[in-house]
Amino acid sequence: AVTIFQLTCAHSVTLTLLSSVKNSEDVRCKCICPPYKDHSGHIYNKNVSQKDCDCLHVVEPMPVPGPDVEAYCLRCECKYEERSSVTIKVTIIIYLSILGLLLLYMVYLTLVEPILKSGFLPLQDHQPFANAHDVLARSRSRANVLNKVEYAQQRWKLQVQEQRKSVFDRHVVLS
Amino acid sequence: MDPNMVNAGDMNGSGNLMDFLDEPFPDVGTYEDFHTIDWLREKSRDTDRHRKITSKSKESIWEFIKSLLDAWSGWVVMLLIGLLAGTLAGVIDLAVDWMTDLKEGVCLSAFWYSHEQCCWTSNETTFDDRDKCPQWQKWSELLVSQSEGASAYILNYFLYIMWALCFAFLAVSLVRVFAPYACGSGIPEIKTILSGFIIRGYLGKWTLLIKTVTLVLVVSSGLSLGKEGPLVHVACCCGNFFSSLFSKYSKNEGKRREVLSAAAAAGVSVAFGAPIGGVLFSLEEVSYYFPLKTLWRSFFAALVAAFTLRSINPFGNSRLVLFYVEYHTPWYMAELFPFILLGVFGGLWGTLFIRCNIAWCRRRKTTRLGKYPVLEVIVITAITAIIAYPNPYTRRSTSELISELFNDCGALESSQLCDYINDPNMTRPVDDIPDRPAGPGVYSAMWQLALALVFKIVITIFTFGMKIPSGLFIPSMAVGAMAGRMVGIGVEQLAYHHHDWIIFRNWCRPGADCVTPGLYAMVGAAACLGGVTRMTVSLVVIMFELTGGLEYIVPLMAAAVTSKWVADAFGKEGIYEAHIHLNGYPFLDVKDEFTHRTLATDVMRPRRGEAPLSVLTQDSMTVEDVETLIKETDYNGFPVVVSKDSERLIGFAQRRELILAIKNARQRQDGVVSNSIVYFTEDPPELPPNSPHPLKLRRILNLSPFTVTDHTPMETVVDIFRKLGLRQCLVTRSGRLLGIITKKDVLRHMAQMANQDPESIMFN
């Protein structure tokens, strides 16, 4: 769980760095012009800088003849917008990968681990982590890293089981 | 057998890196799960620590630097909380944006773009169909290459429901398997935690991760819930995480709650883009004790969080919230009447919602409905998706709906709601369009809004409280915005068609822009939110920070005050206090007034006819006696008296510390056996020779327990409990110990006085 947080912190640093990198496609000036006389409404997009973001620079080709341009442009509203496509891409991909990892871990914990540990499908016990108590009760021979990780994982499973009992079964918290 | 009591001496030689995997050895001074902290002791421990650091800082330069770092650690924590909360809020916003659109179609050029982002660079968008572009295709176009017609509609409908069910099922499974504490809004539990209650794991790392991930899933699934309450929980988890990195906060539960108050402010700040509103929300709704130091630090955390979110820029226009509006059309005095009507509506709806929701949650808690949480989520999602899809106002996400309802109709809008009959010769500039008669689009939009309003009112009652992260702010605002917009359009049309009536004649001339329906939507949203949560100042500040319109403070206040009055006439509790009562948390509300004339003797234990108080004596009990007493009773603490005859009070000893101290003594000290005398005085008592080594437990004795006399009015006792955060209070008469009043007894007494069930107070 701590590594996930290191990931998140690294991600936040990356985001702030990336948000300063501007793709040329990521800025635009959007002008919305409503219907005028017999011309229908239209939306114009153009990649211009903020000082050039007005009707005269963006609306091309101008649909109305010369004298009407001012009246037409008075109705149009131009807005300068920018986004960061890199931020969006990185965020969505990181989110999907975290979601995928969690799903895989969930499938492993609920389906695969009981089969591996006890060799048969635990049809009678619908609770995940049902074997946490047994593993903790067994004595450990050596204290090496793998055993420690497994022990920590079993302790976490026990905590989650307690939480699940309080919330879902006994309804004492968060009803 | 308690698997938590592991001897740390077994682990050897793997180095400090792996120590975080070890079981933390419970030492004297930590609290058990579901117990209340001792605020006075935490405060005195912090004062001791501070004094020690200050005195050591004079010794050397290194100690001085350490004292400076200790002083700044509070600000560093706030900075980190703001950064992480802002980042997580940005991630959530971007992911929700994308996944909501995933239900309807997909962007072919880059699958990670939402609908709006996909058509951002395209030149094929038209005025009437601003979101149409060839890169983004609906599912029916992708699968069967048809975009119009009955079969396309049915296919889109079916896939919409399938995606919604998929997201909701994933969310509830993740919550169930990994972090059951991640469900619900989180604000009632955080209120209880901030008042001194301990819920271990509620603000843990797994809860944070699962809450963030599943919040995106449930908001994208189209359920009628919001993300503001869960964002407060997420921000408090960040606060808990960072405060555990500094020993100043990790070892002191009282100081940690100051950090959590500030983190809650940061959470609301990123949810609404309202830093000041966030601080006020934390002050008014969430926090229990809010010292002035916390005010400044909360503001800092809220600002850092808002700034971080703005730099991530999730909505592409440097705004923090999807429905930031910025118009400045004035309002008129005569409009106060419909605003007050909206306030009344908000208050009535708030009362209705609270009563129905609590009844439904109580049913979920006590009957068989609670045994099928996953099935319940799936059924509610299916019903929501099936009913929401045909109505275009419920098909899109609630935030977009609110944004559209808040917006004023200029000449540039092309939605149905803005289908007014335009005068073709009109030459007014864009934001000064006069009132116009409604076209057919507006009438059909009103019908659809009315249906959407009824639907949202009903479905939110069943959605809030399910076993998924669910917030309440956005659905309430949506209900209010829909009602407000309908009222606003009604008033606008009334003013246009009857501009010669007396009420309109003075301020609404034909050809002027008098009525702004968007403002009515905002006022309605504020009224409904205030009716449900009973917020006052923080609501008004959040609303005007959301809209940037200081001109509208008076209508917002009028509506908020009216809705609070109307709702308070029916019941004093907001939704969060009602959920606290439903769960039986030991929360002594500062807003309740105790006006009964009972005395301390009426509430104290033991009552007449009960067994006498279990006490420890100063120096005449053996270790075995103490252990028997602990085993036979389940009290959290025992008063220590001089002797059984004199019953003069010496102090108070906590159960947990007695257990730990005796266990330690048996293992570590020589000569301590079951027959050893336990003494709480400074010097050991006179013992006959050949008696076993006595055990001194003075260090765990609290020598200054709070006492009141038996004739103290309960009003004062309740005030003492609230202001000092006590857990128990001893009752004496002429110096002799009579009984004890615990926080649970006080809560039960208050419940009894209010004719509620006193047995519903659970926990210690």
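Quick reminder: no glycine exception, Cβ is built from N, Cα and C everywhere.
Here is what TrEMBL says about this protein:
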type: DOMAIN; residues: B:604-668; note: domain 'CBS'
type: DOMAIN; residues: B:701-759; note: domain 'CBS'
type: TRANSMEM; residues: B:72-96; note: transmembrane segment
type: TRANSMEM; residues: B:157-179; note: transmembrane segment
type: TRANSMEM; residues: B:199-219; note: transmembrane segment
type: TRANSMEM; residues: B:231-247; note: transmembrane segment
type: TRANSMEM; residues: B:259-283; note: transmembrane segment
type: TRANSMEM; residues: B:336-360; note: transmembrane segment
type: TRANSMEM; residues: B:372-389; note: transmembrane segment
type: TRANSMEM; residues: B:445-465; note: transmembrane segment
type: TRANSMEM; residues: B:472-491; note: transmembrane segment
type: TRANSMEM; residues: B:519-544; note: transmembrane segment
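Take the transmembrane segment (B:72-96) and the stretches B:157-179, B:199-219, B:445-465, B:519-544: counting Cβ pairs under 8 Å, B:199-219 has the most. Sorting the domain 'CBS' (B:604-668) by DSSP state (H, G, I as helix; E, B as strand; all else coil) yields 24 helix, 17 strand, 24 coil.
Secondary structure of the domain 'CBS' (B:701-759) per DSSP, as helix, strand and coil residue counts: 24 helix, 19 strand, 16 coil. When Cβ-Cβ distances under 8 Å to the transmembrane segment (B:157-179) are tallied for each of B:259-283, B:372-389, B:445-465, B:472-491, the top count falls to B:372-389. Non-local neighbours of the transmembrane segment (B:259-283) in the same chain are 74, 77-78, 81-82, 85-86, 89, 190, 193-194, 203, 227-228, 231-236, 238-240, 242-243, 249, 290, 294-295, 297-306, 308-309, 319-321, 324, 473, 535, 537-538, 541-542, 545-546; each lies 6+ residues outside the stretch with a CB under 8 Å from one of its CB atoms. Remote same-chain partners of the transmembrane segment (B:199-219), defined as residues 6 or more beyond its termini with a Cβ less than 8 Å from a stretch Cβ, comprise 33-34, 88, 91-92, 95-96, 99-100, 167-168, 170-172, 174-175, 178-179, 181-182, 186, 189, 192-193, 225-227, 230-231, 233-234, 236-241, 260, 397, 468-470. Each of B:231-247, B:336-360, B:372-389, B:519-544 was scored by its Cβ pairs under 8 Å to the transmembrane segment (B:445-465), and the highest score goes to B:336-360.
Looking at the domain 'CBS' (B:604-668) alone, the prediction's average pLDDT is 88.
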